[in-house]
Amino acid sequence: MNIIIALALSMLRMFLALFLSILVAYLAGIPMGRNEKVEKILYPIIDVLQSVPILGFFPLIILLFVNNLPGWLGPELASIFLIFTSQSWNLIIGVYSAVKVIPQEIIDMANIYKLSTVAKIFKIYIPYSKQALARNILISWAGGLFFLTASEVITLGSTNYELTGIGTYIQMAADSNNFSLVFIGTFILMITSVLIYVLFLNPFFNSAAGEGKESFKGLSVDILYEKLTSFFSPLVSKIVDGLIIINGKINSKISLHTQSRNYKFIASFLLLAFLSVIILFNIYSIIEIPKAIENYIAETFQASLILNGIEGLLISTARVVLVMMLGLIFLILISYYLYEKPTIYRSIFTLAGEVLASMPSILWWPIFLLLIERGFPPLLVSFFIIFQGSIWYIFFNVFLTGIGPIEKNLMEMSRIYKIRGIYKLFYIYIPMISPYLVAGLSAGWGGAWNADIVAEYASIGTNLITFFGIGYLISLSTYSGNMLALSTYVFLLVMFIIIVNRTVWAFMYSYIKKKYHVID
């Protein structure tokens, strides 16, 4: 496999999935932010979908894409969809959150001047959500790369598809114990990650951050980004202006009452279409795999299967909580230390974090395998993989959200009154970043469970490294093709994550909002 071609194909899949994620983020996030009925319907659906581990989508993508599309098209679309599932959810929530808090006076002014729906989208909703989108794109890109190998090597029982890509290249090199190729693939992927962040993603983030409050800027080389934006901006502006004019002419011929009815009809149609796809898929599944459905109904409530899943869930929870707490302490201390340093230190550390967060999850086992063979505890490697899959969500929220005028005034006052050390850390800095910490923890909680699957089950060449837990059970049932066990374990994990989201994280958000009035 040619490594340059493999890298190019992987990056193409990544960018296609990112484009699709951004499109869906606007299509879902804007209606959710402006319409409570849509919000009540879509938000719980997204909450469930973002809790499903990537292996949980394998039966769906094989049935929906691989089995129904000819040749290479099915596996390719399946791979892009899997990358999409690791990129899209935080983008949707980011756009939704930004649109939801648009000042009402802005909306009222738009209504007074009778701005059309298209004009509101391009002149109000998209500009207001640009910062949230730019920040979450950095997270999404890292998340897509972290699960790149799982998206390019699709295995469910005896069904196996290996697409040409850098993730597959590294996986095949590891399976053949060719560690020199593993390190070469890793090095090339790291260099590519640095270039993409410096040339494209960080410039976009910096331009979006510059339009709002004073904010941290990532390391970037803006020449290529500026040339691309200067080339495409006039074209995009003409297209947007044309759409606004067309929409305005259509609206001028239709009464406001009819417009309202039409928009409700369109929203209802899209919702009905979405539900129809789900219903048809379920009908198709029942027709295609009746035996599996019968077995599921007959055997799902076997006590041994459920108890095994609960036991694995409890053990994995202990690992995830321990790693996230240690990681939280580490990031609080390092961010506090770097906040007191010149901006260049934060920029360098941020770029390092962006690159490390982008390393595929399966990559760490081959890297540490030589140490494990010499006595290094594999459990520590497992903890490190969970750390990699979770802690960077906190990192991105704390480092990239920026420090507003109120927070900067507090820090300046602490310098004037010579407040230092532990007192400054616990009574000024932590309260100041507490909303960002909670947002990062709640996002990292979901990332940790995806990483846990890789951390508890790894097959590298002739080496099989396992630790009992829900991640191990999901991996084992996936690779053995046990659909009953897979669906049961995924269901238990998803329900557990949703319960924690609706209780622990909801309480933490409420507590932080009431206790600290540092950040609006």
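The backbone N, Cα and C atoms fix where each Cβ goes, glycine too.
Taking TrEMBL as the reference, the stretch among 116-137, 138-159 described by the feature transmembrane segment is residues 138-159. As a quick check, the transmembrane segment (457-477) and the transmembrane segment (138-159) miss the bar of 3 or more Cβ pairs under 8 A, pairs 6 or more apart, so the two do not touch.
Nonlocal intrachain contacts for the transmembrane segment (489-512), taken as residues 6+ away from its ends with a CB within less than 8 angstroms of a stretch CB, comprise 47-48, 51-53, 55-56, 306, 309-310, 312-313, 317, 434-435, 438, 441-442, 445-446, 449, 470, 473-474, 477. Comparing 78-99, 179-200, 320-339, 378-404, 425-445 for CB pairs under 8 angstroms to the transmembrane segment (138-159), the maximum falls on 78-99. Below 8 angstroms of C-beta separation, residues 28, 31-32, 74-75, 77-78, 81-82, 85-86, 89-90, 92-93, 96, 147, 150-151, 154-156, 159, 161, 271, 281, 284-285, 288, 446, 449-450, 453, 471, 474-475, 478, 483, 486-487, 490, 493-494, 497-498, 501 of the same chain, each at least six residues beyond the ends of the transmembrane segment (41-66), sit close to that stretch. Recorded stretches compared: 78-99, 320-339, 351-372, 378-404, 425-445; the one with the most Cβ pairs under 8 Å to the transmembrane segment (6-29) is 78-99.
Most Cβ pairs within less than 8 Å of the transmembrane segment (320-339), among stretches 179-200, 378-404, 425-445, belong to 378-404.
Below 8 angstroms of C-beta separation, residues 138, 141-142, 145-150, 167, 170-171, 173-174, 179, 182-183, 186, 189-190, 193-194, 197-198, 201-202, 218-219, 378, 381, 384-385, 388-389, 392, 395-396, 399, 450-451, 454-455, 458, 460, 463, 465 of the same chain, each at least six residues beyond the ends of the transmembrane segment (351-372), sit close to that stretch.
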